[in-house]
Amino acid sequence: MGSADAGGMDHFADPSDPNTELSTIPSPLVDSRPLASTAGSGGDIERREDPAAAGQFNAAGRKATVSAVLVVVGSFCLTVATYGLMSAMGLCQVYWQEHQLSHLSPTEISWIGSVFAFLDCLLGLPFGLVFDRWGSRFVLPAASVVYWLSLLSLAWCTTYGHFMACFIIAGISGAVPTTVAFCVIDHWFSRHRAFAMGIVTTGAPIGGILFSLVFRSLFTRFEWKTSAYCFSSMVALLVLVGSLLVKSKPTEYNPIFWDFGHLRGPDFLLFTFANFGNVLLPSCASCSADTGGRQVFELVLYTQWGSLPVFASLIGIGDVFYLQVAYNIGATLGRTAPTWLAVRWGPVNVVSFMTIFTLSVICAVWIPFGDHNAPALYVVAFGMGVGTGSFVPLAGSGYGKWFGSSYAAASVGSLIGNPINQAILEKGGLKGAGPKLSVAFQGILLLLALTACCCVRWVCLHRRWLWLAKV
């Protein structure tokens, strides 16, 4: 019997079929088409394929493939509209500092973007649980509309309270598309889940590049109200496409809805310690019995999204818009290459290497040259993008629970990191030790993250240290 050749294609499940389990994926590499039996001479049985059943099988496979690709496209659009905008928030902070909020300090202004990121991360936990239970059919479109309206309302903002209120609503509503964009991949992909996740995660740096260029064009040509109309319309288009293309199916009924047993594991406690240093670091799922040995490692330094443009603006070197573009170009590389390397070397090893690389950029380039040399600052922006953009996704059951919990832990760091960094910069003096102290602060955070990463590696190896082990 010949098997259907899928060319190495992934196994896809069709969420529209109520009889299809999320974790049960029909394999196109195994011919499961019904066979008809006819009696031949000598009592032999001749087996032949049913053409009608074969046609139905191939049609269903093609439909599932197209649907899965559309889900990836939709998830990518959602990450561009949310994390892409978030990664360019530093440019808005610089604009407000020069216009509407010129009477406030950079530290006070930085709380706006920090609260936005804080709520987006914190609410990933409840929305992740909701997604695992009921899917995204109703909550995603509703949250997307609220998210767009909150950004559209920025056109009429003139005071600190106005901006803060809009971004509080944006953070709450934006937590839904960000969580769904990543968690829905687990519903559709099995063997190539990491590859699909890598495509989705590039939405953040690519969105950062897009919004950085758009902000540069808008802020230099139009007033704030017109600029807000334009970029909110872009967000509306992106979330509309994402809401139309992303579809999921809730898991089977599970009476233990609010199950926080994964929070008791040593891997997650070490991960939370890393988050306190404002670095979203590993939760080693391989240490948990219910994850089947699959792991998540994510390294995202939220401080960079707001501090780098403000740093350049305050010390007066480099173009803040192009610096943000350089950072996001590096982050695009950081979001893709480590995913491939993790398959060969192991996620923990790759995250450790990327953390060491980022520390090297800080110690070798940023501290000695970054506060007075424009080319060096562009090198720093690119290098920090590569390092802090590293993302090695989890492929496991209960993905919404793990993903939401990890982002809830990271929310504390995203809230306080940027304001603390701005305060250090101001207190140290722009022409004095302030810039170097600001950079040193981020280096200390990365050092704490590296320590936590080594501890996670030790726990995953059953409290042993093997240099050449793939972890």
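Backbone N, Cα and C atoms are what each Cβ position is placed from, and that goes for glycine too.
Feature annotations, courtesy of TrEMBL:
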- 1-48: region 'Disordered' (REGION)
- 17-26: compositional bias 'Polar residues' (COMPBIAS)
- 66-89: transmembrane segment (TRANSMEM)
- 109-131: transmembrane segment (TRANSMEM)
- 138-156: transmembrane segment (TRANSMEM)
- 162-185: transmembrane segment (TRANSMEM)
- 194-214: transmembrane segment (TRANSMEM)
- 226-246: transmembrane segment (TRANSMEM)
- 308-330: transmembrane segment (TRANSMEM)
- 350-369: transmembrane segment (TRANSMEM)
- 376-396: transmembrane segment (TRANSMEM)
- 439-460: transmembrane segment (TRANSMEM)
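Segment contact holds for the transmembrane segment (308-330) and the transmembrane segment (194-214), given three or more CB pairs below 8 angstroms at sequence separation of 6 or more. Taking residue pairs at least 6 apart in sequence, the transmembrane segment (109-131) and the transmembrane segment (226-246) share fewer than three C-beta contacts under 8 angstroms.
The stretches the transmembrane segment (109-131) and the transmembrane segment (439-460) are not in mutual contact, being linked by fewer than three Cβ pairs under 8 Å (pairs 6 or more apart in sequence).
Through the fold, the transmembrane segment (138-156) approaches residues 81-82, 85, 127, 130-131, 162-163, 166-167, 169-170, 172-177, 180, 224-226, 228-229, 231-232, 235-236, 239-240, 242-243, 246 of its own chain, all at least 6 residues removed from its boundaries and within a Cβ separation under 8 Å. Beyond the ends of the transmembrane segment (66-89), by six or more residues, the same chain brings 10, 12, 14-16, 113, 116-117, 120, 147, 151, 174, 177-178, 180-182, 184-185, 187-189, 196, 199-208, 210-212, 215, 231, 234-235, 238-239, 241-247, 305-306, 324, 327-328, 331 to within a C-beta distance below 8 angstroms of the stretch.
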